[in-house]
Amino acid sequence: MIRNARKDTLIAYVLIAPFVAIYGLIFVYPTIDMFILSFQDAPLITFGPQTPEWTGLDNYTRLPDDRRFGTAFWNTAYFVLLTVVPGTLVALAIAMGITRLSGRLQALVLALFFLPYILPVSVVYRIWDWTLNFQFGIAMHLFDVLGIDRVPIFKTSTWFMPAVAFVTIWWTCGFSILLFLAGLRAIPTEIYEAAELDNAGRWTVFRKLTWPLLWPITALVLTIQLILQLKIFDQVYLFSIGGRPNDNLVMVYYIYQRAFQNDDGGRAAAIAVVLFLIVIVVSVLNFQLLRLAERKT
Amino acid sequence: MTSANARRFNIGGAIITIITVIAAVLWAFPIYWGIVSSFKLEDEVVRPYIELWPETPTLRHYWFALTQTQIGSWYLNSVATALGVTVLTVSTSLLVGYAISQLRFPGRRPLWWLILASFMVPTQVLIINHFVLIANMGLLNTWAGIILPQLIHPVVIIVYKQFFDQVPREFREAAVMDNASEFRILTKVYIPMNWGVTTALSIVTFIWAWNAFLWPFLAVTRTEMMTITVGITQVSDAFGVYYARQLASAVLAGFPVALAYLLFQRRVTQAITLSAGIKG
């Protein structure tokens, strides 16, 4: 076996070579480059002949007074608030409903709930832009029935975020439902049979058995959702077309705007670094919390 | 007492089942509504009352999309780039997963840390530097330029590693006894034993790549090079809005992935639960 150690190493390097080359080029290098760029004054699209200028911490010190950065930051926080916990609870409720069914009916119901997750964001955008259309949207009939005045939902800043959050939950819920279903399936049925013998009510069974047993999955879903929603861009960008992008900015959208519309690579990179740090901190904290939760159960 | 209780339980259960089924139908209704509207005439679509079925079903919007727009090129671009991303991601991840799982070599730990690190770094923050990189390489508006930055899928490596870890050691030892090369062991034992995972991971990687929006949106400025996911949002009619027409192109964009899901439902479900670190 020892004789093979050198051969093993050689083989391993051959196997990992393509991966290392790709990751070096599109992951390691761009990440380092992002930090460097954030300390420079560098136009992005109009490549000039001059070398980029070093500006120290300027790109960062300007952020607190940047009104658009404030909007982007708070909108992202608002969006996270509107999607993470509500989305998780909706998914849990749906999974509880699906898990009771069996056979073909279960497969069909699951497929109906899961289908949106599989669709491209631009298709989701077209579907909901049509469904919620101010003049011809079918959802507006519901508004009429309920006696609410019709509103051009994606053109008003009050409705915009909640509506996009709603569409996002509809779109991404399928993923969380699958995780919850896997979790529910892992709970042994004997536990429920014992509860039935004790004449425990439905709500009691859920509160005392299902919820605590499912908690590790719930924590996982919350973590995945939180990190996912911090990085939101696509839906906000699409629904802002023809609307008020400056009121609807979220972090990634602002990076895009600074870099590609204002041609300001340095300042855009500084915002990217801030989001990068937020996501890393949240991931690490979550990871620790998950480990704690696992130790408890 | 007990039987009365059981009956209460069943009635409650039946109500929950009915609610679930109704909710499922309502949940998917907007998709149905989008599809149905795409088969209506433009003046039928804007009628002020609800028609759940087109009065005169028509394919004219599909005909228009297929003949008067660049949707054909967009389809080709989407197929080519999604396949490229899938093949490259799955093959490189398989090799790395195998090396990390089965071989001991200097640098194995740093490699593992790199993979876990890329798990945490949101690729969205790298868009500026990806753009500069791809522009400097002269790859904007090319398939290669669309594919390259989409190759960060550490989860595929992690799943492969887990599955290779579970292959019993005896298989490996027997093969080593027979003087089989590492390459043979990989292609004759480890890959065939995990075809299911490879299929599942390939399907979801393809779906992810087909659905990718942000990077393909940035990497392409020429309309004929767009992927369909981006294309249908970027090109609109200069004269007024044609809702049915827009919906028809959306149906065309969503059809391949929806079909892939319906055909390989079990595999997709498996790959997605695996990607979250849960054994499905």
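Every residue gets a Cβ built from N, Cα and C, even glycine.
The transmembrane segment annotation in TrEMBL covers B:12-35 (among others).
Annotated transmembrane segment per TrEMBL: B:74-99 (among others), in sequence order. Same-chain residues lying 6 or more positions outside the transmembrane segment (B:74-99) and placing a CB less than 8 Å from one of its CB atoms are 105, 108, 111, 115, 143-144, 146-147, 150-151, 153, 156-161, 163-164, 186, 190-191, 198, 201-202, 205-206, 208-210, 212, 216, 225-229, 231-232, 252, 256.
Annotated domain 'ABC transmembrane type-1' per TrEMBL: B:75-264, in sequence order.
Annotation source TrEMBL lists transmembrane segment at B:111-134 (among others). Remote same-chain residues near the transmembrane segment (B:111-134) are listed as 96, 100, 140, 145, 148-149, 152, 154-155, 157-158, 214-215, 218-219 (criterion: CB distance under 8 Å, separation of at least six residues from the stretch ends).
Panel annotation: around the transmembrane segment (B:140-160), residues 77, 80-81, 84-85, 88-90, 92-94, 96-98, 100-101, 115-116, 118-119, 123, 126, 130-131, 133-134, 194, 197, 201, 205, 208-209, 212, 215-216, 219-222, 225, 227, 271, 274-275, 277 of the same chain, lying at least six beyond its termini, place a Cβ under 8 Å from a Cβ of the stretch. Positions annotated as transmembrane segment by TrEMBL: B:140-160 (among others).
Positions annotated as transmembrane segment by TrEMBL: B:189-210 (among others). Beyond its flanks by at least six residues, the transmembrane segment (B:189-210) meets 78, 81-83, 85-86, 89-90, 93-94, 98, 102, 150, 153, 156, 159-160, 163-164, 167, 171-172, 175, 227, 229, 256-257, 260-261, 264, 267-268, 270-272, 274-275 of its own chain at Cβ-Cβ distances under 8 Å.
Per TrEMBL, transmembrane segment is recorded for B:243-264 (among others).
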